Amino acid sequence: VILLPAPSPSPKVRGTHPDCSVVLHFQKKEAECLERIRSESQTPGQEGCPTQWDGVSCWPALPPGQSRAVACPDILHVFTKSKGLIQRNCTEWGWSPPSPPYHSACQLETLGSDNDTAATARHFVTMKVLYTCGYSTSLAALLLAIGIFSCFRKLHCTRNSIHVHFFTSFVLRGTAVFIKDGVLFSDESIDHCTMSTVTCKAAIAFFQYSVLANFCWLLVEGLFLQTLLLLTFTCDRSYTCGYTLLGWGVPMVTVGVWVLTRLQYDNHGCWDDYSSPYWWVIKAPILLAIFVNFLIFLNVTRMLAQKIRCPDLSKTHKQQYLRLTKSTLLLIPLLGVHYVVFALFPEHVGVHARLYFELVLGSYQGFLVALLYCFLNGEVQAEVRRNWGKWQRSMESNVFNLATQDFTA
C-alpha cells in the first residue's frame, strides 16, 4: 500500500497491483524527465549531451567528455539488486550506451523464455475459453430452471422461491463476468493499469455486488435447510422477507458503502485491485458467509445423521430426510467447503489454484445448482411429466376434433 499526499485533509490510500505499480512508477519518472527536458529546451546555446530518458532512467545533461552514473531503479520485485550503478559517457556523438547493461548491473529478474511466455498466454486463453463455456452453460440451465419454477403453479412454495433467488444470483454473477471482461479486456490497446472510467468502475461495482449476493444466497440456502430440520418441515413464511433482505439487501448496502469509500478515499484506477485496505469492506462479509455456511454444513450433517439413525422415525420422514441429504448436502460442500481453504490465505497465495477453482470450476456451479435443485428434483420431474402428458392429450384431442370435422364436412 502506497500513501500519497492529497490536497484534501483526508488521506488518499492507493493500493496498486504489483504489475501495475511497475508501469505507474516508470510513467511517473518519464513524465518528470520529459518536463525537465522541456524546461531545458527553453534555454538555448547548451553544448554537450542533453537530458535523455532511456526508458528506465533519466540522464541529466552533461558537457562533452564527462560521464555520469545512476543507481538501479528502486523496484525491488523487478530488480534483485538496487545498489548497482550504470554509467554513460557524453561523447562528441552523443550519449554512449549504458555500461554495464541494466540486466547485468541490476540483476534483472528472469522473466522466462519466449516459449514460457507463449505457454502462459495459451494457458490463460484456454482458461478463458473454459470459463466462458462454463458460464454460458450455467446461464442456459439456470434460466430454464427459473422458467420451470415460475411456470408451474404447483411448484410455487417458499423452498422453491429461495431456489429461484439463488439461481438469479448465479445468473447475475455470470452476466457480471461477461460484462467485466467486455469492458476491461475487449481492447488490447487500452492500458489497463491507468484505465479509470465510470464505465469500468460501474462494471466492477456490479461484479462485486453479484459475487456478494451469490454468497449471501448460498448462506440463505444453508440457513433455510437448517430451519427446515429444526422445525421438522414446518417453515413460517415470515422468514421469507428476512431471507430476501439478507440475500439482496445486505450486498446492496455493503457495495454502496464500498463505492462511497472508494470515491472518497481511493478513487483511482478501475477499482479492480485487491491490495487496497478498502477491499475488506467486500471481503469481510464474504468470509463471514463462507465460515457460517461451513458451520451450518457441519451441523446439518450431524442432525441428518442423527435423524436417519433414529429408530422411531417413520418411513415417510426418513425418505424426506434422505432426499434433503441428496439434494443439499451434495451442493453445500461443492459451493462452500473449498472456499474455506482459500479464505485462510492472502490473495497472492495460490493464484493459479484459486483461478482454476473460482473461474473454471466456479463457472459450472450454476449448472450444477440447476441440475441438483431442479432437473434432478423428483417433485419437478413429476410436475413436468404431468403437464407434458396433459399437453399431449390436449394435442391428440385437437387433432381428433380437426379430423372429425374434415370427415363430417
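Cβ atoms here come from the backbone N, Cα and C positions, even for glycine.
Here's what TrEMBL has on this protein:
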{"type": "DOMAIN", "residues": "32-110", "note": "domain 'G-protein coupled receptors family 2 profile 1'"}
{"type": "DOMAIN", "residues": "127-377", "note": "domain 'G-protein coupled receptors family 2 profile 2'"}
{"type": "TRANSMEM", "residues": "129-152", "note": "transmembrane segment"}
{"type": "TRANSMEM", "residues": "164-186", "note": "transmembrane segment"}
{"type": "TRANSMEM", "residues": "206-231", "note": "transmembrane segment"}
{"type": "TRANSMEM", "residues": "243-260", "note": "transmembrane segment"}
{"type": "TRANSMEM", "residues": "280-300", "note": "transmembrane segment"}
{"type": "TRANSMEM", "residues": "321-344", "note": "transmembrane segment"}
{"type": "TRANSMEM", "residues": "356-376", "note": "transmembrane segment"}
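Taking DSSP states H, G and I as helix and E and B as strand, the domain 'G-protein coupled receptors family 2 profile 1' (32-110) has 14 helix, 23 strand, 42 coil. Beyond the transmembrane segment (243-260), the same-chain residues lying 6 or more positions past its ends with a Cβ under 8 Å from any Cβ of the stretch are 162, 165, 169, 205, 208-209, 212-213, 216-217, 219-220, 223-224, 278, 281-282, 285. The stretch in 129-152, 164-186, 206-231 that contributes the largest number of Cβ pairs under 8 Å to the transmembrane segment (280-300) is 206-231. Same-chain neighbours of the transmembrane segment (164-186): 128, 131-132, 135-136, 138-139, 142-143, 145-146, 149-150, 192, 195, 199-200, 203-204, 206-207, 209-211, 213-214, 216-218, 220-221, 243-244, 247-248, 270, 272, 363, 365-366, 369-370, 373-374, counting only residues six or more beyond its ends whose CB sits under 8 Å from a CB of the stretch. Mean pLDDT for the domain 'G-protein coupled receptors family 2 profile 1' (32-110) in the predicted structure: 78.
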